[in-house]
Amino acid sequence: MNFIHKNGVQIISTGSCLPKVKVSNKDLSYIVGTSDDWITTRTGIQERRVISQDESLLSLSCEASLIAIKRAKLIPSDLDLIILATSTADDLFGTASKIQAEIEANNAAAFDITAACSGFLIAFITASQFLMTGAYKNILIVGADTLSKWVDWSDRKTCILFGDGAGAMIIQASNQYNNLIDFDIKTNGKKNHFLNINSLQNSTGITLSDLSMNKMSYDYISMNGQEVYKFAISQIPEIISNCLKSNKLTTDEVDWLLLHQANERILKTISEKLNISQSKVLKNLNLYGNTSAASIPIMLDEAISSKLIKTGDLIVMSGFGAGLTWGVALIRWQ
């Protein structure tokens, strides 16, 4: 990918926040016809976190953001821009502005990006362009979703998969370092119906006398699991291989594969197709399930906090999901 380089992009810090409530596979077995063994064998997920009444997408996002800001040795007023990647905003018009207000980042512009499980990757790539062109210096990126609000808890095909959470990252313009080697993002809108949350509309039309009844609502998550699986295991190895090749890099040089935490079978198959050892695949979906846009930043935060990632490591970050959207970013850790 060709892009203008006035500055490099440096990842300064990360943070994450998870709900207090844990829902185990055993818990789900009391709600829907399933078992711990059935879920673990098919997904690799053992438990997930779900927001309680005193938690929200906003509260999780703010907590993750404040952790990242503190670790960056910044204050909220240092931020120039906040980008929130979410498909489950507390407000249909967006939640990024609420984060800006809540953490008192008074100098920052703020907007949402809706790209489901690819959201954080796309937000990171978008934010990087503002830094490279010199438009901004400090940017907060948040990936957060609360899909528990949109799951049909009687549908065992979907309710076993998803959890809630938030992850944050602060990136900064630098004339010394550049973590972002390259990126690529793609969309196939013709396959949108494989994974979506459709709006429920009045199919019979509306008249002037009953305009007050014309209120929009949404269905539960709908997913064709087999088609999403085929999409992920074919497109992700391809886009990663092509991006590495265009930068004269090989899979042997990859230190960490940071994939959207969708499903154990998907992660395993992608790494096998790339001939990347399972020991290099960063995973936490057994504890949190699929947290959509939050999965990549939460996993990255945990890997950094546990000192798994070292200076000089090559990280392949890849998100994929509804849209259908997918992408990759190559990161050299510094």
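From the backbone N, Cα and C atoms, a Cβ is placed for every residue, glycine too.
Where the annotation comes from TrEMBL, it is an automatic prediction and has not been curated.
Residues 261-265 are the range that TrEMBL records as region 'ACP-binding', among 46-50, 251-255, 261-265. Taking the C-alpha positions, the distance from Cys117 (active site) to Asn290 (active site) comes to 9 Å. Listed as Cβ neighbours of the region 'ACP-binding' (261-265) (distance under 8 Å, sequence separation of 6 or more from its ends, same chain) are residues 42-45, 117, 161, 229, 232, 283-286, 288-291, 295-296, 299, 320-321. Rounded to a whole number, the distance between the Cα atoms of His260 (active site) and Asn290 (active site) is 8 Å. Cys117 (active site) falls within a helical segment according to DSSP.
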